[in-house]
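Below is one structure, written out as structure tokens; the observations come after it.
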Amino acid sequence: MSTAYALPKDLSRATVVNTASLIRIVALSLISGAAIASRLFAVINFESIIHEFDPWFNYRATRVLASKGFYEFWNWFDPTAWYPLGRVVGGTIYPGLMATSGVIYNVLHYFNLPVDIRNICVLLAPGFSALTAWATYMFTKELKDESAGLLAAAFIGIVPGYISRSVAGSYDNEAIAIFLLMFTFYLWIKALKAGSAFFGTCAAVFYFYMVAAWGGYAFITNMIPVHAMVLILMGRYSSRLYVAYSSWYAVGTLSSMQVPFVGFQPVRTSEHMAALGVFGLLQIIAFAQLVRSHVSSKQFNNLLFYGVIVLGVGGVGAVVGLTYAGWIAPWTGRFYSLWDTGYAKKYIPIIASVSEHQPTAWPSFFMDLQLLVFLFPAGVVLCFKELRDEHVFVIIYAIVASYFAGVMVRLMLTLTPCVCVASAIALSTLMDTYIDPVQPEADEDETAQSDAGDSVSGSSATGSISGAAPKKAKKLAAAAVAAPPSANPLAELVGAATGGPRMKKGVWGFDTRFTVLLHTFGMLAFFVMHCTYVTSSAYSSPSVVLASTSPDGSPHIIDDFREAYYWLRQNTKEDAVVMSWWDYGYQIAGMADRPTLVDNNTWNNTHIATVGKAMSSSEEVAYPILRAHDVDYVLVIFGGLLGYSGDDINKFLWMIRIAQGVWPEEVQEANYFTPGGEYRVDERASKIMKESLMYKMSYYRFTELYGANPAQDRVRQQTIPKPSPTLDYLDEAFTSENWIVRIYQVKKEDHLGRDIKSANAFEGGKKRKRGRPAVGRRRAMQ
Amino acid sequence: MRSFSLLTALVLGLSAFVRAKSSQGDDVLVILDPKLNRDDYSLFFGGLEKDGYSLTFRAPKDVKPKIIKDDVPSFSHVILFTPETKGYASDITPQSLIHLLSLSTNLLITSSPKQTLLTALSSEFSLIPAPPSSPLLSHFPARSDPPTLLPIPVPDPIDPKSEYADHPLAIPPICSPHTKAVWYEGTAWALGNNPLLFPILRAPKESFVSDASGDEGAEGVVDAAEKGGEGLWAGSSLAVAAGFQTREGARVVWVGGVEVFSDRLAAKEIAPGVPSGNTRFTRDIAAWAFQESLVLRISHISHHLASSPPLVGSNTTNLPTQYTTNDKLTYTAHISIYNPSSSTWTPHVSLPSPQMAFTMLDPHILTTLSHSPSHAGTYTTTFRAPDRHGVFKFVLDYRRKGWTWLKSEEKVAVVPPRHDGYPRFLSAAWPYYAGAVSTSVGFVLFVVVWLSGEGRETRKKAE
């Protein structure tokens, strides 16, 4: 028995086991540290600030929770949002995130650690990413072994696909949801393996937490039933499956209905019907098993045949009937858009207008996953090799999540954990093969040395497959890979060194091993570099504060948003209503503390369309809308001076489309294009475009900046015609340093009852035409 | 009832009484054209001074005193006796006069058939000026005076309690009842359809506007009258004095000629032995313009749950900010009227049908406030909040021509019931209660049967 390299011989089994577990603990802590540290780029490059849009609402809600307590939070009616409709916040949010921060806040304060609630919110996502790494470790351990688990933990810790939603300051539901997702899946696997009602119930408890934390819980709600269904179809029904599923479904569904926002949805909507159906099916199958143990096989077959037909027809009929009768809500539009990517653009522009609901571009897969993109299929294939119940789960997960990630950028997030797990299995199998010091026996068939070649195709330096005995080789390789997953590899290793089972094929020599491992190490090193680079450059921008570089290379911070929001906060009345496009609603509420018409909680399409109509119509049409909604200020984002492309003129078409959906007679998209069908803002822009409130507010006094030179819009690379548009019904109130945020004050009705246009003409010194007594209007005779 | 007639008597009071100051301030700037002699108007100015106004005189071209200094108006009221003035100092422009109104200064403006700066200004108030150099003429009644000097009867105000008091064409009770006809000389306006504008004194039916000094050009008027409508500057659709109240409550009176204020016409008899009503009429319109008469205000607004009494000493700062849907709410407005004879605000008890709207985008509730007899000046209503959550406004919007515009908006949030605010036990839920109880009982029975069965078996085995 030869080994490729020398092994220490005098180690006791206990020493090896202890050392291995110590190394695991150290490695996991280091991985957690790395996961947290790499998410702190945002804090270091900018500051401890809440990012983007939704986190601002979550932060504001958390402050209410922390200051007023849970019951006040639950009953919180926010009169400043969706003015004047208001928002019943307690019943329309997933409170898991706020509750988590609230608990952490209260625990810290109980121990007299006066940590600011903002810092808890900012650092919650990095903290939970460490827990995600641990949950992924546990999950992967169930699939293969600890070393694969550590690799998976390391991958999920730093992979950009997950970091994109969990940098410090990205205080969103996804921050804790991915941990809950992975941990629920781990508990489900655990429950299924052992047939344990205890783990099933634990899975249900974490499922409840997930339901309370993220709307994406529907992914679990459908993944677990699909897994159970596939197992049944594979003929793998067992009492373990019955116990695990029933305990998960019953407890999980009942507890999920306690979340106010979810309510009766688990029994009323189509998205939840799969879980209910599989639950029913399992009961039927369990009953059938019971019957089978009591009647003869012939009778049973007949019974089964008719039973299946009756139940199948009855079940489908019941669901269709209930849907038709309105008891079960049909699929929602958001769901349809998952199957037909053009659906949302046609029927629900408000969903299509969100950039993260767009289909994923191919390069972003590489950007978010890098090395894992090509390790992932290998891992899935390895799952097929073993195909225990939990491997079936990973395979289904991989297929479903890959599809969804392709359909919607946002769902890249759910794919990432699965990719990490599968890649870790693949890479760990490769490393197991090449670190294993056991050499095959020299006198055996030489062609057999190509074992790892076909399972880890492409990455093996020695992979010369001769094909002389492929069947045999495969079988043996499978045997080699299929070591008991819970066994300790080091213990095996030591066992092998002291005379284990003889191998007939394997890897020869130290050099081949070294080459492959060096190459693997190189790939991993590149992966780390890529992750660090992408994290620091692409995913750590708060988007509230923008960074740019001066010509001399020094960094320059553009802080227009906060400048404008603080202006609103300090210079306007407390109940002054601010109208803006819905993207900025949460930020205005969070930073400026002013009522808004619409915000990122896009629950009322008509209200958003009203804002869209006001923005896209002329001043005369918009003014009554503004006055009816008590609007005091209108806020627009304009990037033309700086070249900030995410501005309102670029979003303008969506405003028009959404308004057109409600008022097709008054707002028509085609009117905003040039006759040639171009979307332009220069002198060729259509008349309606030039007269729209949005155009006027964006370019008001813009040409004055350039003096005699042509006024160049740097986003659209077009020249704005002179003279600048004039505003009659609005007054410019504030324009930020780089013109990104422009705020206009809505004029009150003229105090002499004139229309504002003629009042302005009078102020400007224009003479009015001589009037004549009104035609046909007869006054009372005295 | 008695207090009402008393009030009316006080408000519309007799000019013989010594009036007190206006509700807004008593310093008045008179911009007097140098061509006009101050002594010719001594009855009018003297009447104002006797009532406590301090008058400051200034020629149009004088630089001081400024009408607006550092964006603060220097006077509470401005009288422009500049009917034919062409040139003004730089601080008097149509724009600055309108700015003065937005700073809640009141104006009394006299015009003339001549085209001046004020002609252009008048069109901003929806007054449609007659063609230039065309005074108002009337040949009736037959008299020895030139046709441009005509007597105009002053209409009696309609009793505010009568069913016509709210009619949109009703003339507000600015002039005292039983005022004698006034002698008038000047121009007249057609009125545009601005709701803030109303006539105080209409031209007589027989009168018309013409640029002909004699009767030679009368054919043109006849032609226009036959065509009807446009171009017809005749009859009682014209006004010789018009009132205008801005949205903020500043008041403007336009009078088509300055002579109506003169001592000459005040002394001229309207009928043998009967002096004209000019003195009383001019004092009445000045009283209205200077915020003495028809001045109302909302002293305070309160609202509370109908079931709980309002907080003692409640004012707008500690009103409830939110109610629950379907709550019974009580809304109360305390409305006062200014009493110029004592310079005090007294409760107004006879506001005809004030209405309150409970509004979110549209009025959800529109109801009439009723006067509560036990508290004078208190108008109240109780209603059920709609079954709709959102930010509602209690809107009291009371506009009557000539009267101060009462406007109050109170924002209040109407929220859904709290989590423990719903009914606890519902009869409709009995199937669910029965289901829960039967399942629990079944489980207990099952456990009992199972455990006892198990026990027997093990015991058997043990045996």
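Cβ coordinates come from backbone N, Cα and C, glycine included.
Looking at A:88-108, A:466-486, A:508-528, A:634-654, the range annotated in TrEMBL as transmembrane segment turns out to be A:88-108. Ranges compared are A:197-215, A:273-291, and TrEMBL records transmembrane segment for A:273-291. Of the Cβ pairs linking the transmembrane segment (A:120-140) with the transmembrane segment (A:273-291) and spaced 6 or more residues apart, fewer than 3 are under 8 Å, so the two regions do not touch. A contact links the transmembrane segment (A:175-191) to the transmembrane segment (A:88-108), because at least 3 Cβ pairs that are 6 or more residues apart lie under 8 A.
Here the transmembrane segment (A:88-108) touches the transmembrane segment (A:241-261). Their Cβ atoms form 3 or more pairs under 8 Å, with each pair 6 or more residues apart. Residues 51, 122, 125-127, 129-130, 132-134, 137, 146, 150, 153-154, 156-158, 163, 166-170, 531-532, 535-536, 540-542 of the same chain lie 6+ residues outside the transmembrane segment (A:21-44) yet bring a C-beta within less than 8 angstroms of a C-beta in it. The stretch from A:273-291, A:303-329, A:365-384, A:391-413 with the most CB pairs below 8 A to the transmembrane segment (A:146-163) is A:365-384. When Cβ-Cβ distances below 8 Å are used as the criterion, the transmembrane segment (A:303-329) is approached by residues 265, 268-270, 273, 277, 280, 284, 288, 291, 295 of the same chain, each at least six residues removed from its ends. The average pLDDT the prediction assigns to the domain 'Oligosaccharyl transferase STT3 N-terminal' (A:23-422) is 89.
For the transmembrane segment (A:391-413), the residues of the chain that approach it from at least six positions outside its boundaries are 143, 161-162, 164-165, 174, 178, 185, 188-189, 223, 226-227, 230-231, 234, 236, 337-338, 341, 355-361, 364-365, 368, 376, 380, 383-384, 419, 421-422, judged by C-beta separation under 8 angstroms.
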